Every structure is written in structure tokens, then in C-alpha cells.
Amino acid sequence: MGKKTKRTADSSSSEDEEEYVVEKVLDRRVVKGQVEYLLKWKGFSEEHNTWEPEKNLDCPELISEFMKKYKKMKEGENNKPREKSESNKRKSNFSNSADDIKSKKKREQSNDIARGFERGLEPEKIIGATDSCGDLMFLMKWKDTDEADLVLAKEANVKCPQIVIAFYEERLTWHAYPEDAENKEKETAKS
């Protein structure tokens, strides 16, 4: 189910903001360090799809659902052989409709968009963690920018282990049990 999000109305009063319902999150990109999502708006055709900054959105379930699919797609790309079969090549040469060309350009652009560590930014700290995508993911804050990306914990463990350790240390709690305190007092009294 879509959620409402603010989007400026195309009216003469630029201060008015209306709320529209997001039907689906279609893609993700980072522009100048800011995460944006390509949205399909409920009740509007695909030609009205827009890129919206993450901070303007109020649809965490749809974003989470998209990230699950995105992660699976990324893993699939890494496991796919690079060569295409001859039949696939022929098939793609015959599909030249405007829609096919548009969707091909969108796919090419989305594949070129760097995400997470691919952006080449230096990690500053981990803001939070989630397993909503099936694997443990960290919300990584980058140095010299206000932006953050979800990154695989496995990747963060290798690329910035000290930041991962600091994240866990900040959340580490010790539980003292009354019997432990009594035993320590007895040992101290004996010495």
C-alpha cells in the first residue's frame, strides 16, 4: 500500500504543498551525495514518475520492499555470466519501440549510479542497523556529507572494521547480578 509524501504542486503559488500517494518505488540513485528514489505516483501514468529526495518521503515500507528487490538484483548481477547468448542479442535488436528504448536508458543510468562504498566516500559512523532486507545492513553516515546509505554489514566488516566495532561498543551493556556483587564482596573481605 502506498504512503503519502509531499511533492510541490505545479500551481502559481509555489509555497503550497500537496500530498500525493506513492504507488511504488522504481529505482534509487545518489545525486551530489543525496539519495533519491524514482517514484510511481498512484493515479498517475508512468510519464509522471519523478525522482524525489529520500528526506521528502514518508513511505518506509515501500522503500524497504524496493531495497529487498534491489539487493537480490545486485546479487544476481554479480553471479550472472557476462556473455549473452546469441538468441538474446537477436531478440534485443528487434525491440526498438520508444518504451523499450526509454526503459533501456533508465536501466543503464541506474546501473551507473554508485551506492554505498562504491561512491568512494569515507565512512564516518554507523547510525543504525536493520535486517529488513534479509541480511544485516548498516545505515552508514559518510564524512563531509549529510547523506547516509544502507550497506551490507559483511562489506562494512571488511572495509571499516573499527567503525563497526565502535558501533557495537556504543550499544554494549553489562548486566550485574546481585550474586556476583556478593561474591566480590566476600573475596575482597578475605584479602
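Every residue, even glycine, has its Cβ placed from backbone N, Cα and C.
Under the heading compositional bias 'Basic and acidic residues', Swiss-Prot lists 73-89.
Secondary structure at LYS32 (SUMO2 cross-link), taken from DSSP and collapsed to helix, strand or coil, is coil. The Cβ neighbour count for LYS32 (SUMO2 cross-link), using a 10 Å radius and every protein chain shown, is 7. The SUMO2 cross-link annotation in Swiss-Prot covers LYS32 (among others), and the record cites a large-scale study or a structure entry as its basis.
Per Swiss-Prot, the feature SUMO2 cross-link maps to LYS91 (among others); the stated evidence is a large-scale study or a structure entry.
According to Swiss-Prot, the SUMO2 cross-link annotation covers LYS102 (among others).
Here Swiss-Prot flags LYS106 (among others) as SUMO2 cross-link, drawing on a large-scale study or a structure entry.
Feature annotation from Swiss-Prot assigns SUMO2 cross-link to LYS154 (among others). Take the CB of LYS154 (SUMO2 cross-link) and look out to 10 A: across all protein chains shown you find 11 other CB atoms.
In three-state terms derived from DSSP, LYS184 (SUMO2 cross-link) belongs to a helical segment. Here Swiss-Prot flags LYS184 (among others) as SUMO2 cross-link.
Sequence annotations record features per position, and here Swiss-Prot assigns domain 'Chromo 2' to 121-179 based on sequence analysis.
The feature region 'Disordered' is assigned by Swiss-Prot to 70-117.
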What is the number of other Cβ atoms found within 10 Å of the Cβ of LYS184 (SUMO2 cross-link)?
11
Count the residues of the domain 'Chromo 2' (121-179) that DSSP assigns to helix (H, G, I), to strand (E, B) and to coil, and report the three numbers in that order.
20 helix, 19 strand, 20 coil
On average, what pLDDT score does this prediction assign to the domain 'Chromo 2' (121-179)?
90
